[in-house]
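See below for the structure under consideration.
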Amino acid sequence: MAEVAAVAARRRRSWASLVLVFLGVCLGITLAVDRSNFKTCEESSFCKRQRSIRPGLSPYRALLDSLQLGPDSLTVHLNHEVTKVLLVLELQGLQKNMTRIRIDELEPRRPRYRVPDVLVADPPIARLSVSGRDDNSVELTMAEGPYKIILTARPFRLDLLEDRSLLLSVNARGLLEFEHQRAPRVSQGSKDPAEGDGAQPEETPRDGDKPEETQGKAEKDEPGAWEETFKTHSDSKPYGPMSVGLDFSLPGMEHVYGIPEHADNLRLKVTEGGEPYRLYNLDVFQYELYNPMALYGSVPVLLAHNPHRDLGIFWLNAAETWVDISSNTAGKTLFGKMMDYLQGSGETPQTDVRWMSETGIIDVFLLLGPSISDVFRQYASLTGTQALPPLFSLGYHQSRWNYRDEADVLEVDQGFDEHNLPCDVIWLDIEHADGKRYFTWDPSRFPQPRTMLERLASKRRKLVAIVDPHIKVDSGYRVHDELRNLGLYVKTRDGSDYEGWCWPGSAGYPDFTNPTMRAWWANMFSYDNYEGSAPNLFVWNDMNEPSVFNGPEVTMLKDAQHYGGWEHRDVHNIYGLYVHMATADGLRQRSGGMERPFVLARAFFAGSQRFGAVWTGDNTAEWDHLKISIPMCLSLGLVGLSFCGADVGGFFKNPEPELLVRWYQMGAYQPFFRAHAHLDTGRRGPWLLPSQHNDIIRDALGQRYSLLPFWYTLFYQAHREGIPIMRPLWVQYPQDVTTFSIDDQYLLGDALLVHPVSDSGAHGVQVYLPGQGEVWYDIQSYQKHHGPQTLYLPVTLSSIPVFQRGGTIVPRWMRVRRSSECMKDDPITLFVALSPQGTAEGELFLDDGHTFNYETRQEFLLRRFLFSGNTLVSSSADPEGHFETPIWIERVVIIGAGKPAAVVLQTKGSPESRLSFQHDPETSVLVLRKPGINVASDWSIHLR
């Protein structure tokens, strides 16, 4: 038996080596990404064509005679004065201060793709009315708010105003470009030259051109319009060039954010003269930092901020997209009738944003704020809010590629107990499956998965197993056979099943754009279909960009065919969302709709927040990768994806102990907290480090678990209101210009400010404490600091600089146990940090931690705590909720308080009772011991 096992082990190692060699050939493995494997704008024919068009007068003219105003929208035809092709513009005023703009061909040869399943519902209409008109413009008034839209006919332009203040302009730079569908030109030949060959672009209006001067110029087809080649991959384009582009001008705006995912600073940079930001979901091996290259996910939402206003642009398009950003100075006056609406004179800074997508229609939502909280709610009303996760998923996750077998998993589980370290979840990567056949278990290494799961369940722990969306092509493998027989794979352009190369070798790719496919996939997670699964097994969807090792840019051919006859180029960026959606639906359905799912996915799109968590992908054990996780997760939170984290310790390479310690300290204060590592790295169980490092990691884990009631409440607030959990400082302090570019520290909710230590050998950090007239308390020493100021804070290896804002109340669990489920009924301690005015407030959300009963049966508690006038009051913040719980208030810690003569507790129906207390005059901390009141009850505590 030993010899058989040894042979099997050698075969597994040989296969792993073969895959790595293959990856080295396909991906050009080096110490960093091989950029030549991924397109630049110059190598993307549609981006090159779009970008070749320079600002000037637009060739499009709105035909005002065609204008029709209905109860839901206004439509008007746009005429290209060179090609004479007609487009149709549809304008909608929406409730909650939003506007929608859609542009499509009036008579397309073939319908263009309109992105489904991202919007949670048709947004309610705020009717438009015509309030003014002349020969070249129409003034529209929105039914809600002081908003007007000026539609200028020639050249076509839209200006959106609030009263007399210009908020933004559409096509002010004349960069609207809509490549209409056409028949192939016979003279062109069967193939176009490869992209990037230096051919001249078609003639379009340039600076100073008049639209009529371009009339009569022949319309040409660019190289790459009908077929293009990248490296060895040929992309047929049977429908020809279909790209769309449009510009937006934002006067008064110098700071813009969003459009993740990029490994870059929080504030977006000017791209003119360089590469635009690219949105195209890709498996990028060992990605570089501080550049606009595409990564695993795409959310086409851009936010603009200044001290007085916030705006958002949501570009609803699932095709490959590039975004150019430029900084200009714009006059406050405009031609024609616009002068009547504007105030002042002179110049103002302006940011111009240009969107360019390969296919689809132009479908854009303008989110008009006026505050950033309003913008968050507006976007959430369109695409939904962050799913409320099960409580366990907010604990610590231990993962690597791969734990060898059942004994290894249970040994890791035992390691946490033996070393008094909390942990909620252990993860299994691709090696757990039988030959990487997902929904199976390797019979030699995981022969009794259900027994293993039961052992973990007895410790109140969970297991996450990877289920990737590529299926091994293997006759006799039930998953493959059913998908092939049902015709549910993505097809090639000739109608056969598309096959690519991934972890199992030759693999088919399920067509998740097909609702039938998604239903089939969801059903696979039933306990009957997923043999060996149990209620404490959850799922990880990796590689869902989709990743195709031998495909162009490590992804699928763009001319692959999907449900409904759409090409992959139309749907690429939404594919990962559909995988995430179907998996989350499956976990929900397996419990009869009772249990909340937990699914981690790598690729994402607008709306992915409804289905679970994401992470920043395959990072590296380097200090700069530790740093970059902050702006990466901040950017994701700004566009709705709050459940974000980075692989603690770095996926590639072996971290030095100091780096690993600092990463645990940071991870403890990020929404998703998972350690993960590559197959070739050393084991990283915290107990394997020297004791001095292990002790510090234990403390970081303890801080995470102590704050779980606070984290859970933040997630409920994000779920309810759409506000991010991990926030840039400017979100809370919108008028403080100093905060606008800070991305090495952040807020959790409005209560905690975190400045991780992210430099090797650091002896101190510079912390900016914002807020005029506010105070901040170090959560360890309780030392008080006044804002605004930049504070030099000395640090040791055990330091995690965290401050609680005066005026907030943070709930904690003070008994750290082996998992969150072991703590869920523990008593609560309230940390009350007083403002200079002697006030504070906070919330606490509680439910059963795992079902949808909070939603379907209103079984929850939302308590509001308010301290004012030396009295702390607990009341219900949502009377519709009801939930019986044994949790009680164990202590109240009041920071910044004087010593009272007495402390009195009042509860309804009971006489007053005195509480024991202890006051520390050096720290001004007052501790009230054992009020002993149920957290669900109304009560007040008076300091006398």
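Cβ atoms here come from the backbone N, Cα and C positions, even for glycine.
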Just to be sure I read the record right: Asp283, Asp429, His676 are listed as binding substrate in Swiss-Prot. Which of Arg354, Arg493, Arg602, Arg610 is listed for the same site? Arg602
Sequence gap of 6 or more, Cβ distance under 8 Å: name the residues on the same chain that satisfy this around Asp283 (substrate binding site), in order along the sequence. Tyr296, Met543, Glu545, Ser547, Val554, Thr555
Neighbour count, 10 Å Cβ-Cβ cut-off, for Cys41 (disulfide bond): what number do you get? 21
Listed recorded positions among Ser52, Asp429, Cys633, Cys644 whose Cα sits within 10 Å of Asp618 (active site, proton donor): none
Cys47 (disulfide bond): which of the recorded positions Asp429, Arg602, Cys633, Cys644, His676 is the nearest Cα neighbour? Arg602
Cβ-based neighbourhood (8 Å from the centroid) of the substrate site, residues Asp283, Asp429, Arg602, His676 excluded: Trp401, Ile466, Trp540, Asp542, Met543, Gly617, Asp618, Phe651
Going by C-alpha distance, which of the recorded positions Cys41, Ser52, Cys633, Cys644 is nearest to Arg602 (substrate binding site)? Cys644
Spatial neighbours of Ser52 (phosphoserine), counting only the recorded positions Asp429, Cys633, Cys644, His676 and Cα distances within 10 Å: none
If you measure His676 (substrate binding site) to Cys644 (disulfide bond) at Cα, how many Å is it? 14
Looking at substrate and its recorded binding residues Asp283, Asp429, Arg602, His676, figure out the farthest C-alpha pair and report it in angstrom, whole number. 17
